[in-house]
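Notes to accompany the following structure.
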Amino acid sequence: ARICPRILMKCKKDSDCLAECICEEHGFCG
């Protein structure tokens, strides 16, 4: 499993997100 803090963060690309979160299609990290 990826390490991804459960924090709602808007993003445009994966590098906008914390830890191993990825930028999902709805525009938020997950």
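A Cβ is built for glycine as well, from the same backbone N, Cα and C atoms used for every other residue.
Among the features that Swiss-Prot reports, disulfide bond is placed at Cys4-Cys21 (among others), with the record citing similarity to another entry. Within 10 Å of the C-beta atom of Cys4 (disulfide bond) sit 14 other C-beta atoms, taking all shown protein chains into account. According to DSSP, Cys4 (disulfide bond) sits in a coil region rather than a helix or strand.
Here Swiss-Prot flags Cys11-Cys23 (among others) as disulfide bond, drawing on similarity to another entry. Secondary structure from DSSP puts Cys11 (disulfide bond) in coil.
Annotation source Swiss-Prot lists disulfide bond at Cys17-Cys29 (among others), citing similarity to another entry. Cβ neighbour count for Cys17 (disulfide bond): 20 (other Cβ atoms within 10 Å of its Cβ, all protein chains included).
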